[in-house]
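What follows is one structure encoded as structure tokens, with my remarks underneath.
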């Protein structure tokens, strides 16, 4: 199976190993580390943190009641306890929950005869605010991440090479399935190919830029309907000497990166895909998918990936110029 650097769904096949002492960097940015975790680990940490914090604070209230002797005088009406109607650990836990959640049933309440309880109450309020801000903020950021928006951005399954405007052109198609726009959408292409330098150094994943309209502004997309992205193969292109014959012996990968701002949330979204040499069709062109109906333009996504053969010279641009 052809080893890909970037899968068709945009996932990068890179694993970091032998980090050594560098793993401490993940703890220095704990918030981002928690956001990047899988949902099951996020929920586990969320539940565990609250459970431990609640049990710890309830234990502190029980310890105060135990040290003051309130547990033995729970039914003595002439005695003023630290917290009224706290006579065991479950009642201390219920008092903590009522205070933390600001429920305030009124049956259990703190009195003014307990300075240590007042200090613990202030500490509980500060600690609860910190835990709530950290964990709820982490869950909110994770739920609002624009990764799911990238699933409604489509790329054609194949890229095609054929003549357009008298020039040999590499083409692929992008589309947006939602009615909401991608603001400031921009597309970039990278060619990943191994090569050896004149000094003998081997570069397994050398990255080269493919011009998809940077000089003309064509890389800035108005993505309201499927668009065909073009890379003109000329003397400046890495595919200058690519022909129909040599494309079957070459090994390369074209990584496509589409970035934009989600209109509804204002967050930046990135969608990725890649094309290997066996996914580039020589002498093909994409079927048209837009038709004019009564008062609107209709997009037929059933033909989004479809191509058809067109007459195309089997020679590279370099060979054509030499001939």
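Any Cβ shown, glycine's included, is placed from N, Cα and C.
Sequence annotations record features per position, and here TrEMBL assigns domain 'Potassium channel inwardly rectifying transmembrane' to 6-146. Positions annotated as domain 'Inward rectifier potassium channel C-terminal' by TrEMBL: 153-322. Look at TrEMBL and you will find 43-67, 79-97, 117-141 tagged as transmembrane segment.
Proximity of distant same-chain residues to the transmembrane segment (79-97), defined by a Cβ-Cβ separation under 8 Å and at least 6 residues beyond the stretch ends, is recorded for 54-55, 57-59, 61-62, 64-65, 68, 70-71, 73, 103, 107-111, 113-114, 116-117, 124.
Summarised as a single figure, the pLDDT of the domain 'Inward rectifier potassium channel C-terminal' (153-322) averages 90. Broken down with DSSP, the domain 'Potassium channel inwardly rectifying transmembrane' (6-146) shows 87 helix, 4 strand, 50 coil.
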